[in-house]
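Annotated in TrEMBL:
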type	residues	note
SIGNAL	B:1-22	signal peptide
TRANSMEM	B:110-134	transmembrane segment
TRANSMEM	B:146-164	transmembrane segment
TRANSMEM	B:176-198	transmembrane segment
TRANSMEM	B:210-230	transmembrane segment
TRANSMEM	B:236-258	transmembrane segment
Amino acid sequence: YVTVMAAADSWSWFPALALGVSLLKCLFINAYHSTDFEVHRNWLAITHSLPVSRWYHENSSAWTLDYPPLFAWLELGLARAAQHFDSNMLRVENLNYVSQNTLLFQRLSVVFTDLLFIYAARECCRCVQEPKGPRDVLSRPSFVLAVLLLWNFGLLIVDHIHFQYNGFMFGFLLLSVAKHLQHKHLQGALLFSVLLNLKHIYLYVAPAYGVYLLRSYCFTQDHSGGSVSWRSFRPLRLLALGSIVASVCALSFGPFIAMGQLPQVLSRLFPFKRGLCHAYWAPNAWALYNVLDKSLALLGVRLKLLEEAELPRASMTGGLVQEFQHSVLPSVTPSVTLVCTLLSILPALASIWRRPRGARGFLRCLLLCALGSFMFGWHVHEKAVLLAILPLSFLAVESREDAGIFLVLTTTGHYSLFPLLFTPAELPIKVFLMLMFTIYSFTALRKLHSGPVLRPLESAYLLGLGVVALACEAAFPLSPWRHKLPFLPLLATSVYCSVGVCYSFLRLYASLLRQEEKHKQL
Amino acid sequence: MHTCSLVSICVLLGLVVRWGVSLNSYSGAGKPPMFGDYEAQRHWQEVTYNLPPQEWYFNTTENDLNYWGLDYPPLTAYHSLICAYVANSINPEWVELHKSRGYESPMHKLFMRATVLVADLMIFIPAVVLYCLYLTDGSSKKKVSTLFCFLLYPGLILIDYGHFQYNGVSLGFTLWGVLALGLGWDALGSVAFCLALNYKQMELYHALPFFCYLLGKSVKLGLMGLFLLMRIASTVLVTFALCWLPFLSGSGYAMQVVRRIFPVARGLFEVQCLTSSLSFLWCA
């Protein structure tokens with residue numbers, strides 16, 4: 001009976017989910033796309049038409065190559081295929097070139113590269129702890145995780161409407177996490193090194209990898225109390241890890257180091273000239289800081305403590321990103337954000353050094369690094385919240401507490417992505433998709449953990465989010481203030497969501513530290 | 001999972017797919033002088049908004065029947081009139097008499113697509129949901145699967161949201177009729193089907209089953225059946241009268257409408273008639 005059940009326990013629903021979402025993605029081919037579309041077309045042109053030595057020097061377009069070299073090689077590979085669709089898109093001088101074939105090719109390339117994400121999602125679903133006993137397919141943790149990953153609202157609208165290749169990158173990240181969960185640490189390290197060389201924003205979570213691999217892979221044994229046994233250090237393993245990372249970086253940066261272009265590449269990769277927040281404030285700690293500063297300034301002017309003429313003029317919400325200063329509170333520089341980020345992730349790193357809790361502890365630490373850097377980073381884009389949402393999906397299907405945090409973070413994070421699609425034609429899509437994903441995540445997690453997952457305060461906050469959404473999308477465009485205060489909906493969205501994101505960050509930290517406490521008592 | 005949430009997810013997915021299809025091109029886009037079904041619908045809004053009902057089906061100086069003349073029954077015309085009022089409040093250029101011929105713009109496309117979605121949301125989708133929940137057999141999972149397949153049927157989506165038509169309205173009314181008959185509300189079912197018939201004459205394809213079912217039911221009931229038959233007959237007559245009210249006043253109005261919706265003079269194999277009835281058969 002058991003073997004029959006095991007055989008019947010097929011994964012045939014997975015290809016159905018994957019195919020379904022891929023077909024849905026194809027429907028969005030003619031939807032609005034952002035300037036990121038032109039960015040990638042430009043990079044296709046640069047890598048195809050110019051020699052390697054010119055890649056990081058080319059600047060006839062404003063969208064210069066600012067991803068690491070492996071991504072440039074990927075674009076070169078894509079350009080080879082692009083030739084057959086429309087070779088005109090590969091000419092560097094064809095700025096803003098959008099023919100029907102170009103659109104088709106670019107959109108299909110995102111759908112195609114998402115295959116890696118689909119594979120990674122399947123590997124993650126395989127690693128989920130299933131409770132015992134036969135279960136209806138729809139209530140299995142692996143099924144819920146598959147839907148939460150494959151049909152993730154944020155990924156769908158950022159990748160397939162706004163236009164980016166995040167699915168491909170997250171494929172590497174999730175696959176790497178899955179490999180660690182399966183104790184294949186070297187493969188996980190390799191995948192992460194590749195990821196780092198595809199998009200350097202993942203440097204934010206590199207400390208989690210570093211500490212975890214050092215602690216759990218290079219030191220093979222623990223003392224009975226859980227602390228590290230220094231004598232179990234395996235230098236060979238450290239060497240293996242180091243050589244993997246080094247070889248991948250060499251493959252990626254090698255040609256540029258040989259040509260002496262490393263400083264130029266690095267200056268492209270890390271452009272610190274941009275402002276603390278970009279035009280739309282990502283819902284992080286700095287958004288709250290900005291609002292506090294502005295309110296204090298206004299209060300100061302009202303109470304005659306400050307002169308209005310003395311306040312710096314630079315606008316924080318200006319369209320182009322510029323340096324700006326705060327009026328009342330101290331101004332924030334890139335080094336300050338770096339220090340804050342490091343301070344925010346240090347306790348998590350220390351926690352998994354002292355008490356490693358296997359791959360799941362590592363995942364939690366990774367999550368905290370991602371969220372900490374989102375909260376305190378320099379020039380953070382709201383899309384970066386996906387870096388926290390996707391790994392958290394895995395923890396959410398296994399633990400009720402994480403499910404509650406997931407619902408708050410995901411709903412606020414996804415809603416904060418709404419301003420990315422500001423065209424009227426895409427409004428129904430983003431609303432319907434958001435509702436679909438939200439309804440599914442709430443009901444599925446509730447069913448999975450047999451009972452309510454959210455605390456009353458959290459439910460109230462999320463209902464409030466609905467009110468804010470209605471006000472910003474429906475009521476504000478029809479109100480008399482839309483010309484006087486055009487940035488108000490963005491401001492309101494950003495601030496309200498920051499509260500939710502900060503709350504999730506604190507709760508995640510609390511759960512990590514509480515687990516450590518529990519571990520100590522055992 | 002709650003049937004309620006599964007149903008809402010199915011409906012939302014159906015709506016996303018419909019709107020996704022709407023983002024693409026419509027029939028006759030950018031093809032003067034005649035354009036396509038999209039322009040026909042826009043033109044009917046123009047005609048119904050600017051002219052009195054008695055002139056809608058007649059060939060006059062203001063109304064050239066050779067350029068997409070109305071050839072659906074009056075309910076379509078009333079629907080176009082309602083849409084025209086909304087269109088006029090947003091941008092009068094969309095329904096300006098004569099001047100708006102061939103009007104195409106992204107905002108107008110958005111408006112027209114929205115009218116299809118609204119009509120579906122009000123008529124077709126509730127009918128489908130209720131039908132799948134109350135008139136299909138099996139477990140709730142089976143009902144939701146039926147609903148899922150129903151809502152994602154590509155033929156209807158492509159024709160209504162791609163090519164551009166309002167088949168969802170007439171099919172929706174028919175489904176309401178089926179639903180009512182299934183729940184035993186014969187008079188209401190007849191009203192619903194009459195509305196469907198008065199929206200698109202193509203629904204005549206479905207008329208025979210309705211007629212035979214109601215007649216058979218009445219015959220089986222004996223004397224009570226006679227009362228039922230009379231009640232149904234009167235509801236049908238009243239519904240038709242209400243729909244055709246503006247055309248019952250003067251002489252020849254009703255006959256002209258009939259001549260337009262059954263163009264026997266043009267030959268039954270005229271291309272338009274064929275394609276629209278084929279598409280309708282496919283949906284049905």
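Please read every residue number as a count from 1 along the shown chain.
The backbone N, Cα and C atoms fix where each Cβ goes, glycine too.
These figures come from a predicted structure and were not determined experimentally.
Spatially, the transmembrane segment (B:176-198) is not adjacent to the transmembrane segment (B:146-164); fewer than three Cβ-Cβ distances between them are under 8 Å for residues at least 6 apart in sequence.
Below 8 angstroms of C-beta separation, residues 53-54, 57-58, 73-75, 190-191, 194-195, 198 of the same chain, each at least six residues beyond the ends of the transmembrane segment (B:236-258), sit close to that stretch.
Long-range contacts of the transmembrane segment (B:210-230) within its own chain (CB-CB distance under 8 A, at least 6 residues past either end) are made by residues 177, 181, 186, 189-190, 193. If you look at the transmembrane segment (B:110-134), the same-chain residues 6 or more away from its ends with a CB under 8 A from one of its CBs are 3, 7, 11, 14-15, 18-19, 22, 26, 38, 41-42, 79, 83, 86-87, 90, 94, 143-144, 146-147, 150-151, 160-161, 164, 166, 168-169, 171-173, 175-176, 178-179, 182-183.
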